[in-house]
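Structure record follows, encoded as structure tokens.
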Amino acid sequence: MTKFIFVTGGVVSSLGKGITAASLAAVLEARGVNVTMTKMDPYINVDPGTMSPFQHGEVFVTEDGAETDLDLGYYERFLRHSKMSKSNNFTSGRIYQNVLNKERRGEYLGGTVQVIPHITDEIKSKILASGEGYDVAIIEIGGTVGDIESLPFMEAVRQMQVELGRNRAMLMHLTLVPYIASAGETKTKPTQHSVKELRSIGLQPDILICRSDHHISQDNRRKIALFTNVEERAVIMCEDAQSIYQIPRTLHEQDLDDLICERFGLDLPEADLSDWDKVVEAQLNPESTVTVAMVGKYVELPDAYKSINEALLHAGITHKADVKIDYIDAERLEDDDSLLAQLHNADAILVPGGFGERGTMGKIKAITYARENNVPYLGICLGMQLAVIEYARNVLHIDANSSEFDRKTAEPIIGLITEWLDERGELQIRSDDSDLGGTMRLGAQQAELVAGSKLAQIYGANNITERHRHRYEMNNRYIEPLEQAGMTVSGYSAKQHLVESVELADHPWFVAVQFHPEFTSSPRGGHPLFNSFVKAAKNYSEAK
């Protein structure tokens, strides 16, 4: 039967619950545990798909097309054998929607629908379903203890601990142990009060993860244990690390996995973390440095491009290179030519995905620079669409545009997906008036690469599967004139024959793809497309 580890956070947000939980999952997996992870978000949005990247950061897309919290990206990157799906992330909005739909269908037989038991029962059912078929399920609760939005989730966890018993449920709580410079010491009082807040709603943590930017003394560890009713060995010190991939080793060296196995009655071999040691060694000891200029409109919040940032890091690890990302505001680049110096200093240029017209001319300016100056270029999603528009305008000399930016354009080289097949194979009509959450091409889909193309050489295969998140596609009637002018279509979707990628044969490295390869990159091996891109950047840097 599945065993559950619930993860909460206290004192402040952004302590790294997702990374810590994923690191623990990686250690358990290294011991042979079949482990999965789930994120519960207290906000009322049904999913993060239509939320602003400035507020929420990246939307991570799963294989089955769910638009989820960026923490699920961490989960997949730390785990080898468990892929996330729509059952691994749910919000208060989704829970309330499900309960209200049941009420409308009469499933509650006219009873009064309340937070307890109806909302909490729905939360519990989601948690149990997400853990089916696994040895251990790690459940992260978003937000901070004390937030009013989190209370139904906390109550559901309390009930599950009672119902499952000590041998099937544990609570791990992350807290901050701040360092007070004027006093020259770390303070335990915030942690004590955070646990007090938990206990006031009926929850007693079994494990405390104490985050700090300074060393926490053994005396303070004993003090925390004494005043929180947690075993001293279960008070785990987790100081700031040079690399997040050091965290599995940090947790293992403090015997956290042994404690969990003992509590759950699991007799397992020792964890083999040698892969993580190799990752950390390569990351912290690079042999070269390359700079990638990332031109986007959400650059004020790097988390908006979290998976791309990580994919570049992974490629750097693969090539023992320190990949520095120089973020360039696409909107500023439109009118500020002084930013061209950043493009000039870059060893490669990347234009990521995005929505809307704002900043597109700045991105096109960057693409033109990469094409004309033989700088390695990688376009992702919108980065591919704009590469096609740029080439059509400046090489074919036609006034091409996307119908996303100009509904009345005479040359719609990029157009809306107006018809689509759902998972049952039924035709779904989509238009500009449809709900934003229902007009997307989402999830893992197969693509067929043209034999002999650069992309086929990069992947070492002619058939690939990558994840999508977009509404607009390249218009196939422009394929022939583009190819006659030198831009090659190197990949098509397997079923709909939609354009998946383009490249330039007369350019050292110019590849643009409609899909999102960053979602499947791993620190242990990277991703072939990003690996090739960073290698091209290294070659460009060395040839300067």
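Using the three backbone atoms N, Cα and C, a Cβ is placed for every residue, glycine included.
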Candidate from GLU334, GLU404, GLU483 that Swiss-Prot assigns to the same L-glutamine site as GLY354, LEU382, GLY383, MET384, GLN385, ARG471:
GLU404
Return the residue out of ASP71, ASP121, ASP135 that Swiss-Prot annotates for the same ATP site as SER14, LEU15, GLY16, LYS17, GLY18, ILE19.
ASP71
From LYS3, LYS39, LYS223, grab the residue that Swiss-Prot records in the same UTP site as SER13, LYS187, THR188, LYS189, PRO190, THR191, GLN192.
LYS223
Which of the recorded positions SER14, GLU404, GLU518 has its Cα nearest to the Cα of PRO190 (UTP binding site)?
SER14
Ranked by the number of other Cβ atoms within 10 Å of their own Cβ, which of the recorded positions LEU15, ILE19, ILE148, CYS381 ranks first?
CYS381
Given the binding-site residues GLY18, GLY383, MET384, GLU404, ARG471, state which is nearest to LYS187 (CTP binding site) when distance is taken between Cα atoms.
GLY18
Please state whether DSSP places GLU140 (Mg(2+) binding site) in a helix, a strand or coil.
strand
Additional residues surrounding ATP, by Cβ distance to the SER14, LEU15, GLY16, LYS17, GLY18, ILE19, ASP71 centre under 8 Å:
GLY9, THR20, ALA21, TYR74, LEU174
Please state whether DSSP places GLN385 (L-glutamine binding site) in a helix, a strand or coil.
helix
Taking every protein chain in this structure into account, which of the recorded positions LYS17, LYS187, LYS189, ARG471, HIS516 has the most other Cβ atoms within 10 Å of its Cβ?
LYS17
